[in-house]
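*Asks:* Once you've had a glance at the structure underneath, I'll fire off some questions.
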Amino acid sequence: MRTPIIAGNWKMHKTISETTALARELAALTADAKGVEVVICPPFTALAAAHEAVAGSAVKLGAQNMYWEPKGAFTGEIAPGMLSDAGCQYVIIGHSERRQYFGETDQTVNQKLKAAFANNLIPIICVGETLDQREAGTTEAVVGEQVQAGLAGLTEGQAASLVIAYEPVWAIGTGRTASSDDANSVCRLIRATVAKLFGQASADRVRIQYGGSVKADNIAELMAKSDIDGALVGGASLDAAGFSRIVKF
Ligand code: PEP
């Protein structure tokens, strides 16, 4: 059985003191949540504060990005080892905003995935089609290629242990959610792609999240679907009460 995983992507929100308050509130509100893994991904500057705030709770910490090199002259970048050092267990890789605004490609995503595993971080790799691609009927080809190229060269064990977030770009931050059937059918395609590349055992274990305007009032329907194992939540993860309701779907 796959343990559901709900992750909050805080994006470029929250100062250190705001992070401490939100993370503490969330840890308290989700203390009675059972059978679900909860991850928060604050900005880099607030990771250490978040780590301290959730200490002793079941809430885990993730980062929103990283570079693949271990150290060196890469001004402005953050190394995988620095994230582990700050208390992270997870790292989001290839979010569509990073692909769109910061030039990330399937190749950089692949390099980052390998570096994450080399540093004991579990990657949450984001894939998803744009509205134009959906309307052109190329969703399956686009997402299949993102999975294939992003996961290239991983071992079966790595493919089984990572998290794949299916996030249709047109649903992120727009209030438009994919229907639960549409979301599930792309998640099923992703699992079939993992099966083709790494075998059925890896495909059965890999956790696939849906992301895109997830809220307390649509999470239950999404989580009831066969191939959706969790959610990557942006806007709604910034409110402790709302996010804890999502966690307790
Ligand atoms: C996201 O940033 O990954 C996301 C899904 O955002 P939102 O929930 O706000 O659509």
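A Cβ is built for glycine as well, from the same backbone N, Cα and C atoms used for every other residue.
Heads up, TrEMBL stuff is auto-annotated, nobody curated it.
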*Asks:* Per TrEMBL, what member of Ser57, Ser202, Ser213 joins Asn9, Trp10, Lys11, Gly173, Gly234, Gly235 in binding substrate at one site?
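*Replies:* Checking Ser57, Ser202, Ser213 against TrEMBL: the substrate site match is Ser213.
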*Asks:* Which residues does Gly235 (substrate binding site) neighbour through Cβ under 8 Å, counting only same-chain ones at least six apart?
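*Replies:* Once residues fewer than 6 apart are set aside, Gly235 (substrate binding site) is near Gly173, Ser213.
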*Asks:* Ranked by the number of other Cβ atoms within 10 Å of their own Cβ, which of the recorded positions Lys11, His95 ranks first?
*Replies:* His95
*Asks:* Could you work out which of the binding-site residues (Asn9, Ser213) has its C-beta surrounded by the smallest number of other C-beta atoms within 10 A?
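*Replies:* The binding-site residues Asn9, Ser213 were compared, and Ser213 has the fewest Cβ atoms within 10 Å.
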*Asks:* Other than Asn9, Trp10, Lys11, Gly173, Ser213, Gly234, Gly235 themselves, what residues in this chain have Cβ atoms within 8 Å of the centroid of the substrate site's Cβ atoms?
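*Replies:* Not counting the recorded site residues, we get Ile172, Val233, Ala236, Ser237, Leu238.
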*Asks:* Cα within 10 Å of His95 (active site, electrophile) is the criterion; apply it to the recorded positions Trp10, Glu167, Gly234 and give the hits in sequence order.
*Replies:* Glu167
*Asks:* Any idea what the Cα distance is from Lys11 (substrate binding site) over to Glu167 (active site, proton acceptor), rounded to a whole Å?
*Replies:* 15
